[in-house]
Amino acid sequence: MATTQPTVPPGRDATNNIRIEEEQIGHAHTNEEGLFKNGPMVDKVDQFGSHTKTDPREIALVRKLDWHILVRKLLLVGIIWSVGLKTNHILPNQPILWLMYLFNYLDRNALVNARLDDLEKRLNLVGTEYNTCVSILFVGYIAFQIPSNMILTRVKPSWYMAGFCLAWSIISLLTYLAHDYATMVAFRFLLGVTEAPFYPGALYVISMFYTRKEIAVRMSWFFTANMLASAVSPLIAAGVFSGLGGARGLAGWQWLFIIQGALSIVVAIMAFFMLPDHPLTTRWLSEEEKQLAHARICMDTTGLAEGTSVWLGLKQAAADWRTWVLVLMYNFHLSSISFQNFLPTVLQTLVQDKIMSLVLTFPPYLFAAIMAVIMGKSSGHFNERTWHITVCKSIVIIGFILPVATFNVPARMVGIFLFVGFTFGINNIILGWVSSTLGQTNEKKSVSLAIANSLGNMSSIYMPYIWDKQFAPRYIPPWLASIAFSAGCVALAWSLKLALKRQNKKMKERDPNETNFYVY
């Protein structure tokens, strides 16, 4: 689906002092009247030019977007169900993007829990073969993300993303047929290929509908699907292993793949009819809402430029030095949270019980979901990135230090709560930073998000080998590596803040009428 860029108010230089040839980007034409006629009324802006929502039309629009796209209403329904009230009149549409992410992560994470049902023994895995089964998924996952997001700007996201959701669901279900190392590696690689379009594509879809001040908390709501999947997947696995293990001649881990894959197929079919596309073509928005949704994002974009080709969007993203600072920052962050694929194994060294180690993963991830939303809300409210990353990473580092310093079980559990609880909100802050800093065109934004997510996730290829069983039960080298990567993430955040601060100053000196600046 080709996108149409709107006209832009004066004072927005498309290049913003970035070394990309001006003729490659092209300046957006000035037609202030057309943009502001469709855009929201703006009464108050902050130092970066981000406006506070006061227009009743915009407030109503954002509520409608949240209702259809994200998780807030689903959480509300859960609360209402818990007190026994009916919900049919409250929720006309499920937050389909959130549900897709929930099952995306459940399907991916099934192998982590299957390990505790003697998967290695049944498949005759030896040495680091299990680690390879974990990491091989990300080879396919990384390789296909950038071309996928380039395609996404030219097709209907609803059909494209739903189609791949159906594909990964089928592969996840069929993984129960794996009978040795080679077949498991093949299934995991194909799962990575088919899951690749979803996460960066979902981030791109969210970024098309939400402003800089809104996007961090919306990504946090979206990311609660990951946290909930991480929290409940061990509970699901525990129930499946104890209740279905051996049924019809299948092991418990095989039933886990069958059940979660089948449920994912149902969600994929729903997604074909419920996913949004571009703001200007979304079925459940009125014509006025479509124009308002489109215009307010254009007004909020620093350095907005005319739409371009997908290849030029790739070139712009690759030529922008900020892309690589953010990519490295995200890679360091994801490298520091590699514990996610091994937390049940780590917990088993503390409690020496398979089912209990699965159950104990639930509370930290539930806490993490709550903290992720709080961090996103705070980051959006203050329109701030660097201090939020710094404070949270400092707490996370303390959490990593505890299992290094002691084998005391209560102390290590406190550490787990700290590093799990304060880690995952940072994902949303960094990716929101990518979207707001590199969003001059839809093509550049889409590719930048894919580059950040794909190269950031390269950590998932090499980090599983650091969590080798030879380091059990304390796993000191992985914890020390996590501390080092966390410190590097903070250092890069401050480096980018100082650079953007200087860039904003130059923009103001070049054009005293400029009001839209880079957020840090």
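Residue positions begin at 1 at the first shown residue.
Just so you know, glycine gets a Cβ as well, placed from its N, Cα and C.
The transmembrane segment annotation in TrEMBL covers 74-91, 128-147, 159-179, 185-209, 221-241, 253-275, 324-343, 355-375, 387-407, 413-434, 446-467, 479-500. Under the heading domain 'Major facilitator superfamily (MFS) profile', TrEMBL lists 93-505.
Of the candidate ranges 185-209, 221-241, 324-343, 355-375, 479-500, 324-343 has the most C-beta pairs within less than 8 angstroms of the transmembrane segment (446-467).
The listed stretches are 159-179, 253-275, 355-375; of these, 159-179 has the most Cβ pairs under 8 Å to the transmembrane segment (185-209).
Counting Cβ pairs under 8 Å that are 6 or more residues apart, the transmembrane segment (253-275) and the transmembrane segment (324-343) reach fewer than 3 and are not in contact. A Cβ distance under 8 Å defines the sequence-distant neighbours of the transmembrane segment (159-179), meaning residues of its chain 6+ beyond its ends; these are 100, 103-104, 107, 110, 123, 151-152, 187-188, 190-191, 194-198, 201-202, 205, 250, 254-255, 257-258, 260-262, 264-265, 267-269, 271-272, 275. Taking every listed stretch (128-147, 221-241, 355-375, 479-500) in turn, the largest tally of C-beta pairs under 8 A with the transmembrane segment (324-343) is reached by 479-500.
Counting only same-chain residues 6+ beyond the ends of the transmembrane segment (355-375), those with a CB under 8 A from a CB of the stretch are 113, 116, 216-217, 220-221, 223-224, 227-228, 230-232, 234-235, 237-238, 241-242, 343-345, 347-348, 388, 392, 413, 416-417, 420-429. Within the chain, the transmembrane segment (479-500) has long-range Cβ neighbours (under 8 A, six or more residues past its boundaries) at 322, 325-326, 328-329, 332-333, 335-339, 385-386, 389-390, 393-394, 396-397, 400-401, 403-404, 419, 426, 433, 437, 463, 466, 518-520.
Predicted-model confidence for the domain 'Major facilitator superfamily (MFS) profile' (93-505) is 87, expressed as mean pLDDT.
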